[in-house]
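Below is one structure; the comments refer to it alone.
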Amino acid sequence: FPATIATTLTSSLLYKPASIRQLAVAASQITKSILFPSNQSTGRIRIMSSDAAVVSEAPVVAQPDDGDKSKQQQQRPQQRQKLVLKVPKGMHDRPPVQMSVREDVLQKIVSVFKSHDAECLETPGAELKEVLTGKYGEDSKLIYDICDQGGELLSLRYDLTVPFARYVAMNKLQSMRRYQIGPVYRRDQPAMTRGRYREFYQCDFDIAGESEPMLADSECVLILTEVLSGLGFSNYTVRVNHRLLLDGIFQCCGVSEALFRPICSAVDKLDKCSWDEVAKEMSDKGLADEPIERIRQLVLTPRGSADLVDQLRENPALKGNAMVTQALDDMSRLFRYLGLLGCPDQVRFDLSLARGLDYYTGLIYEAVLEPTPDCNVTVGSVAGGGRYDKLVGMFTKKDSIPRLRRLSPQVQIVTLHSSCPHHLNRSGSKNLLEERLRLCGQLWRAGLPAAHSLRSNPKLLTQFQYCEDTGVPIALIIGESELRDNKVKLRCIASRKERLVDRDSCVDEVRAELASLAAAQQKTEQ
């Protein structure tokens with residue numbers, strides 16, 4: 001017996017020892033009283049000698065009934081269960097070998113972001129719950145809420161976009177190019193084999209501020225292709241669509257405006273579910289069979305590019321709808337600008353793309369890795385994004401917000417218009433805008449950081465002032481005379497010296513000028 005039990009028995013016996021059976025019963029009961037003191041009631045037991053004389057009385061615990069026994073049996077394994085070491089469901093460790101690969105990947109992604117004049121921003125891993133509420137539609141149920149620990153209701157961030165919109169509104173910013181890389185959390189059903197986790201990293205690039213239609217959008221799509229190509233992927237497709245076009249299609253098919261977002265969320269599942277499953281979800285949400293069939297005929301149209309834009313313009317079911325007309329104008333500009341920027345031809349117009357988040361208002365896009373003969377594995381979507389015009393306005397009464405100084409590129413593309421008013425016609429401005437995009441694409445493909453104004457007809461002095469304020473060392477100037485002679489004017493911002501260089505050799509000239517400026521700066525510091 002343990003020492004406590006032996007002492008109790010010894011002090012209870014008088015001269016005549018108890019029988020072995022009685023001692024065994026008493027020891028068993030006393031042991032239970034010590035091991036389970038809180039779950040049983042205490043009584044008294046008589047310890048008898050062999051001739052039935054009373055020797056002493058000792059405290060004892062009442063025998064538990066069958067219900068108490070079952071509770072004890074349930075409690076014992078819990079008290080003795082060993083800790084199983086594992087990571088939470090939908091999350092995983094990154095050993096050093098994987099971290100080395102990820103660091104290399106992130107470095108390449110950041111270099112692309114910086115070449116497009118973006119600066120880094122960091123926001124907290126948790127936000128006020130009310131900041132995230134009402135921004136994600138049906139996906140709001142996937143947000144992780146945090147127990148109240150300090151008087152504030154918090155949630156783990158679902159993505160990096162809504163925190164950025166909150167930051168822009170809170171700091172009253174008018175324009176910003178930012179990138180952010182960090183973990184986000186979604187209370188989704190994980191699919192580890194397909195790379196679907198509850199904690200994962202997002203790499204975001206955003207342009208906030210005013211822009212000519214589709215200028216900023218086309219640059220974001222270009223950045224997506226630059227990142228994937230820079231990581232060695234060639235088997236990808238960038239699917240693009242327009243939220244306004246989907247809304248116009250729904251309207252033409254007889255869907256009420258109140259059902260636009262729920263039906264859009266159903267269409268978003270077409271890459272994971274069959275049409276019959278999507279149609280059933282639409283029906284469950286209150287849509288009749290006839291509009292469901294009309295939607296099917298349109299959203300299952302085969303993918304295309306600019307040719308699909310022309311095809312939809314001629315579709316009698318869509319003619320006369322203002323939302324469809326505006327969206328198709330935007331898509332036409334998008335493909336024209338992507339061509340000027342030298343964007344790869346993996347960009348495809350796909351009417352079945354919907355993107356489930358509620359805050360998108362214009363262009364939406366998504367990159368998908370396609371199976372190859374060497375790797376017949378379907379990974380699915382690896383990147384996505386879109387325009388969200390009204391998200392910042394949810395946090396502030398004003399839709400536009402003040403200017404922010406940002407990290408500057410090495411080259412600024414400046415368009416030079418004629419000083420004669422009659423030369424500033426729309427076609428001339430359009431041509432210079434397109435030449436500006438061609439020159440930017442040439443510099444970006446060469447790996448040179450560059451930027452240009454997102455306005456179609458920016459003022460010359462304003463562009464020079466921007467270069468001086470932000471420390472841009474070089475400006476490339478294109479005007480009507482430069483276009484005619486296939487030249488570009490290279491201007492050193494610090495010295496204000498200018499010289500003409502051949503358009504075909506401007507990349508080499510820029511690199512030589514940057515090297516000369518760096519050598520002069522180093523000599524001055526010494």
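Each residue, glycine too, has its Cβ placed from N, Cα and C.
According to TrEMBL, the protein has these features:
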- 58-82: region 'Disordered' (REGION)
- 72-81: compositional bias 'Low complexity' (COMPBIAS)
- ASP159, LEU160, THR161, ARG186, GLN202, ASP206, ARG355, TYR359, TYR360: L-histidine binding site (BINDING)
- 177-409: domain 'Aminoacyl-transfer RNA synthetases class-II family profile' (DOMAIN)
Inset, instruction - Let me know the largest Cα to Cα distance in Å among the L-histidine-binding residues ASP159, LEU160, THR161, ARG186, GLN202, ASP206, ARG355, TYR359, TYR360, as an integer. - result: 21
Inset, instruction - Show which residues of the chain containing THR161 (L-histidine binding site), separated from it by at least 6 in sequence, have their CB under 8 Å from its CB. - result: ASP204, ASP206, TYR359, TYR388, LEU391
Inset, instruction - Please give the average pLDDT for the domain 'Aminoacyl-transfer RNA synthetases class-II family profile' (177-409) in this predicted model. - result: 89
Inset, instruction - Have a look at the binding-site residues (ASP159, GLN202, ARG355, TYR360) and report the one with the fewest Cβ neighbours inside 10 Å. - result: GLN202
